[in-house]
Amino acid sequence: MRLKKIKLAGFKSFVDPTSIPFPGDMTAIVGPNGCGKSNVIDAVRWVLGESSAKNLRGDAMTDVIFNGSSARKPVGQCSVELIFDNSSGRLGGEYAGFVELSVKRLVTRDAQSTYFLNGTKCRRRDVTDLFLGTGLGPRSYAIIEQGMISRLIESRPQELRVFIEEAAGISKYKERRRETENRIRHTQDNLERLEDVRSELGQQLEKLQRQAAAANRYKTYRAKIRELKGQLAAIRYLTMSAQTEKLEQQRNDEQRELDALVAEQRGDEAGIERFRSQQQAAKDELDRLQQALFTAATAITRLEQNTLHGKQRYQQIDTERRQLREQMQVLEDSLKDAREAYSDADKACRELEPRQELLIAQLEQAQEKLDTDEQALREFSAQSRDKEQAYLQAKQQSQTCHSQIQSTMSMQLRTTQRISELNDEIAGLDSDDLQQQKALIDASLDEAADTLTDVEAKWRQAQTDTASAQQAHQASLGVVDEHKSERQRLSSTIAALQALQEDDVPVAADNDAFSALWQHLTVKTGDESLLEFVLRVMGDPLIADTLNDDALLGATPRVPQGKPVWLGGDGQPVKPGTLAACLEGGFIPAGFNDIYVYDSIEDGAQKRAALSGGQQIVTRDGYYLTRHSVLFGQADKQEGALQRAARLASLNDELAMTQAALEESENIAEDCESALKECRAQEDALSEQRQHTSNQVQQLQNQQGMLDMQVTQSASRTQKLNDELHRQQQLLDEENSQLETLSAKLEGLEEDILHFETDMQQVQTQRDTLERAVEEGRTRHRQLSEEKHSLDLNLSQQQNQRTLYAQQVERNEKQRQDYQARDKQLLEEQETLLQPLEDQQLELQALLDEKVATEAKRTEAQTELDNVEALLKEAEQGQQGVAEKIQQRQAKIDSLRIEIEGSRVRASAVLEKLDEAGTTLKAVLDTLPEEASEDTWQAELDKAQAAINRLGAVNLAAVEEYETQSTRKAHLDAQHQDLTDALETLQSAIRKIDKETRSRFSATFEQVNDDLKQLFPKVFGGGSAYLDLTDDDLLETGVTIMARPPGKKNSTIHLLSGGEKALTALSLVFAIFRLNPAPFCLLDEVDAPLDDANVGRFCNLVSEMSQTVQFIYITHNKIAMEMAAHLTGVTMAEPGVSRMVAVDVDEAIAFAEA
């Protein structure tokens, strides 16, 4: 099995659809750092089921999707597909017949991951199960990425054990063991829950048994109470009937007295009506006078309010005029003060304005002088700036020249020392002896290689034969296990069904007089549940083996009480549509032709009225009907005896076929095992011979590689030293010439600096004089500016005050005019108020006189009304006495009517209770003793009720519930036994898996350990290494590795250098590959920590193992590149986007040589 190609689309930097073929046994992937080489390794891990984003160098699983670049947008999904060549048939199971196998994984931006096998959608587990035992997986030893070498060699014992398990092919056993343990755990959980239910159910049954006994006693007491209550009700009915007759007589007497009082009341009502008419007329006159008084009072109140309002307004005007005169006096005083302040401010402004003009003229003169001095200073500074810059530049050049001279002298000294060292090293190199040693090694290697080729051809053929025999043997064992498992399943099922059948037989096994009726019936397929339902309705009948009634009646049959017994068939032909038509001939019980079968209760109900004596109807939806009754059944979800009998017959036939197939497969397995032993013996002998020859070739190749490397390195080193010596000599000549040039330049610069220093002293003196004149002018200008600013502020303040006082005088004048106008307006309003007040006073006096006259008339009308109301009250009081008597009589009559009706209702209630109890008053009176009394019967009823109360709370459904729970308890006991048997079967499977795991792990560990001991000295050129177990338990033990390179006695693996750790890890991985080679091996820069000599050993070992394993490796090392048969380059010409370039090395060499 080989990896044929990888197809990527949108995966990390491979945004475009890319196909990477792997035509050879050794393919090297090369390219600059960061171009996406390791993404190829990540793609393989991802397709094989890697679920950790961290192991794919990301934070989330969607990070594997191309996220865009400077020139491209992100994509929505990515996919990777691995295409395998399975022509050797290494993958077993359903995919063994496929020559080519495709495994694909696709993920979208919403983190939906999908797997495909040969284009068919599948689960992630299907992919991992496919490669179990092959050495392939997302974290197997077949994929060694950057940094994994050091992690592998430094991993914990339990982590290192995983690689041995994968090599042993027991990872699938571990998966089966885990599944079996889960089943055991679930079975134990179910068993515990079932045990809890059984325990709780047992307690419930004990409680229900006690409750059922109490329920029976309760029913007895309740029957007695019903009888006593019926008799007590009859006694009370007789008492209530006599009381009702007495009450009706009293009600008739009271009714006659009430009629006489009503006639008297009607005679008094005419006089009362006359007095009420006189009362109404007096009230109307009094109301008219009262309305007139109200109208006069309203007019008087209005005039009084208007007069009061006029007087109040007159007083308000007086008060407002007095306030205006006071405000006008205050305003006159304020106006006088404002005029005086305005005069003072105007005088101050006229005094300050001439001084301001004088200061402006002086300030302008000072500014002109300052400008002249500053211009002279600027012109002088510009003239002297060129001299200063020339002086500074000369000093800077002088300092630079000094530094360059010192640096050149130091470089000259280092160059001289390096020339001396190179001459000494060239003199010490000598390569003649290495050429002679290489010629001897080449001859020995050719002879050993020919021998190894012959042995390996025989050994590979033996391996092929062994693998075929192994596959045949494993396949035969798998078939045997499948047949055994099927036989066990069928046997267990048959035993369980037979036990259930025996439980359904209601008589003892030694009772030959009777047997179950269902045992004699042959039912048509599909009608079993219908027959089961009918038999349950009939009480699960039995059948007697004899038809002789005399013999049967004379015997003492041992049959359960209450069971019906059939004496045989009726011998009549089968009627269509009856229960007899559901049987396939043979025995037909008597009466089955009288039981009609319909599909539903609707069909059966329509036919029920037409049934004659003895005929019945059964429906397939669970109803049993006779002419006068209906039995509502319920579908039984469990198998019945008839269904189990049919199933038992089918299972027995299936068991016989399985047993025959098992015997045949066991014979085939024994033949395959014998053939496998012969192939393994032949392979072991050839393997030992091949190993011995391979070791010789390996040793010679190592020696040849080391000599070639030494010769090449010696020639290359000599050439490099000569080239460097020539360069150093040229450099020394250049440094001498440069030193002479710098010295001459320094002398000229020092003379220029002395001349510039004399000129700079004269320039500084003239600059100081000009700067003093500018400073004096600036001081004079600043003083005048401050004085002018102070004067400007004072003048502005005086001008503002003058303006404010002028505005205040103008406002006061206008306000005085407003006050004078308001006073004139108030005086006019006051004069208009005097005349209306006099007219209102005269009108008020006239209204007061009219009001006094109306009040006198109202007093007379009130006196007349009082007289009439006194006469009316006297008449009404006489009638009220009669009404009270009538009301008393009526209340008494109503009370008697209620008592009569209550007595009748109570009597009716007694009769209804008797009807509910299923009896009549006459029947109770006929059985009632003559001496019966209500008190005696009530005492008996209280005793019975007290007995029920002493029972406490009674569960009336306990009897039926006890029977139901007993049946359930029996069912749970059977389930408990089934689960116990299943648990024992699973534990047996665990023991078998553990045994096989120990055996395979032990054999694999020993083989890998032996191969490691052989490979380690070959890789290191000596030393030793071995594996060790951390525990005696082969199921749980960890694995540690100990390595001692030549000349070292380290106590722990962590003391090795990085390169030694890498070589040790590679030795272990290749030792595992020897035992269980994975289809391919991916190596990601594992040669990075190795020097050239160790890279050569690594390359030789990989080249040797590529005969059986396909290697795909990423490298930057030229020696490793030379080893490859096919070079695949990864480029990133477009930023962020990887592309492939492939070269077949063999074809390229052939093309170059041509």
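Using the three backbone atoms N, Cα and C, a Cβ is placed for every residue, glycine included.
What TrEMBL says about a protein is an automatic prediction, not a curated fact.
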Of the residue ranges 73-100, 101-128, 969-996, the one that TrEMBL records as coiled coil: 969-996
Other CB atoms, at most 10 A from the CB of Gly36 (ATP binding site): 23
PLDDT averaged over every residue in the domain 'RecF/RecN/SMC N-terminal' (857-1138): 80
Other C-beta atoms that fall within 10 angstroms of the C-beta of Lys37 (ATP binding site): 23
Helix, strand or coil at Asn33 (ATP binding site) [DSSP, three-state]: coil
Around the Cβ of Asn33 (ATP binding site), the count of other Cβ atoms that are within 10 Å: 6
Listed in sequence order, residues with CB under 8 A of Gly34 (ATP binding site) and six or more positions away: Met1132
Tally of DSSP helical, extended and coil residues in the region 'Disordered' (760-799): 40 helix, 0 strand, 0 coil
List of residues, in chain order, with Cβ under 8 A from that of Pro32 (ATP binding site) and at least 6 apart: Met1132
For the ATP site built from Pro32, Asn33, Gly34, Cys35, Gly36, Lys37, Ser38, Asn39, further residues of that chain with CB within 8 A of the site's CB center: Ser13, Gly31, Val1130, Met1132, Ser1138
DSSP-derived structure type at Asn39 (ATP binding site), helix or strand or else coil: helix
